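Structure, as structure tokens:
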Amino acid sequence: MAISYNHSMSACQKIKTDQAMVRDRLKQSQSLIGLSHDEMVQALRSIGVPEHQTRMRVRQLWHWFYVRGVSSFDEMFNISKPMREMLKDNFSIAYPEIVEEQISKDGTYKWLLRFPARGAGKPVEIETVYIPGEGRGTLCVSSQVGCTLTCSFCYTGTQKLVRNLTAEEILLQLLFARNRLGDFPGKDKPDHSSLSEERRKITNIVMMGMGEPLYNFEAVKKALLIASDGDGLSLSKRRITLSTSGVVPEIIRAGEEIGVMLAVSLHAVCDSLRDVLVPINKKYPLSMLMEACRNYPGLSNAKRITFEYVMLKDVNDSLDDAKKLIKLLKGIPAKINLIPFNPWPGSHYECSDWEQIERFADVINRAGYASPIRMPRGRDILAACGNLKSTSERLRKSERLQLESMMGDDLSSI
């Protein structure tokens with residue numbers, strides 16, 4: 001059974017009042033999370049930190065933020081108390097508020113997080129998902145609140161774009177999750193967690209949450225460069241995957257300026273169908289997309305592009321489609337992830353039969369491409385691929401019952 005914790009409903013009134021006061025103060029103070037080294041130097045200079053100290057202070061702060069995972073200046077014991085007070089008076093470390101935490105029966109976590117407004121209107125809510133696996137743990141990170149792409153099979157696409165997330169908000173999803181899972185030195189893991197104590201919990205990041213990362217290029221770039229910085233979070237760029245639906249002009253730039261692994265939401269082998277499934281194809285058709293993929297910087301057998309392909313019954317799952325997919329990807333070092341369609345209320349598609357998915361995969365495998373079938377994770381908490389949607393647009397009870405009915409047979413076989 002999935003476990004759900006609604007944090008905002010269980011807090012006492014005094015805590016709510018205190019949190020509101022803190023949030024009001026945070027709206028007025030600059031966050032240091034998400035700043036580059038040089039930007040942090042400038043921020044410290046602006047409050048009067050002596051010039052000869054700024055680089056040292058930045059190194060200290062970087063270590064506390066990204067190696068130790070602290071969320072309070074008071075925890076930074078190697079910084080003098082007067083300096084800590086100066087930092088507290090001028091800056092913030094504003095971790096998001098947990099609105100709801102859900103834990104799937106398969107161990108997947110989904111968090112609904114609320115970020116303060118910070119001058120951007122009302123507070124916004126986004127969803128972040130953690131997927132534990134054998135020898136690894138993957139965090140699925142959002143880049144936007146909502147999405148503009150309206151892919152017809154994707155639940156997230158039914159939520160209109162509210163705004164882009166900042167580099168701070170993208171990074172804070174990772175910092176929050178590592179703290180929550182006890183993944184920083186000296187941090188306790190949750191009482192209800194079954195996660196191993198012996199290894200790093202979050203080994204991989206995938207930019208596959210809410211939104212199109214390449215429509216928020218600068219913030220995503222900044223966040224991922226900080227996440228991969230060797231003096232901080234130190235995630236290998238080989239373990240960070242940026243997923244795009246095909247924003248062709250930014251693909252080459254992403255390879256040159258960010259240098260992480262690339263995934264492409266493909267889902268169709270001809271323009272006429274992809275125009276329906278992934279409407280951005282009308283602007284950047286398959287010929288343009290494939291050309292950009294062939295020219296992706298660093299592309300090699302060791303740095304393959306992952307192509308995501310959702311399996312839709314009687315839509316894109318024929319063996320002829322599989323053969324056309326092989327032809328389409330010819331010459332591109334690639335892996336093809338086959339994704340069983342995850343149902344959601346109001347969707348008009350069905351998942352391909354399992355036997356058909358296996359036959360499809362076999363055709364691709366025989367052509368020399370790896371084509372793993374992605375086992376659905378977190379379906380019972382709407383954390384599976386294509387299911388994310390912030391709870392500012394929560395499911396009505398009738399919709400949730402409909403979803404449970406739709407998924408009943410599938411869940412029993414996983």
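In case you wondered, yes, glycine gets a Cβ from its N, Cα and C as well.
In Swiss-Prot this protein carries:
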{"type": "ACT_SITE", "residues": "Glu127", "note": "active site, proton acceptor"}
{"type": "DISULFID", "residues": "Cys140-Cys385", "note": "disulfide bond"}
{"type": "BINDING", "residues": "Cys147, Cys151, Cys154", "note": "[4Fe-4S] cluster binding site"}
{"type": "BINDING", "residues": "Gly211, Glu212, Ser243, Ser265, Leu266, His267, Asn342", "note": "S-adenosyl-L-methionine binding site"}
{"type": "ACT_SITE", "residues": "Cys385", "note": "active site, S-methylcysteine intermediate"}
Same-chain residues at least 6 apart in sequence whose Cβ lies under 8 Å from Glu212 (S-adenosyl-L-methionine binding site): Ser143, Gln144, Cys147, Thr148, Leu149, Thr244, Ser245, Val247
Annotated S-adenosyl-L-methionine contacts Gly211, Glu212, Ser243, Ser265, Leu266, His267, Asn342, maximal Cα-Cα distance (Å, integer): 19
Binding-site residues listed as Cys147, Cys151, Leu266, least Cβ neighbours within 10 Å: Cys151
Of the binding-site residues listed as Cys151, Leu266, Asn342, the one whose CA lies nearest the CA of Cys140 (disulfide bond): Asn342
Conformational class of Cys140 (disulfide bond) under the three-state DSSP mapping: strand
DSSP-derived class (H/G/I helix, E/B strand, else coil) of Ser243 (S-adenosyl-L-methionine binding site): strand
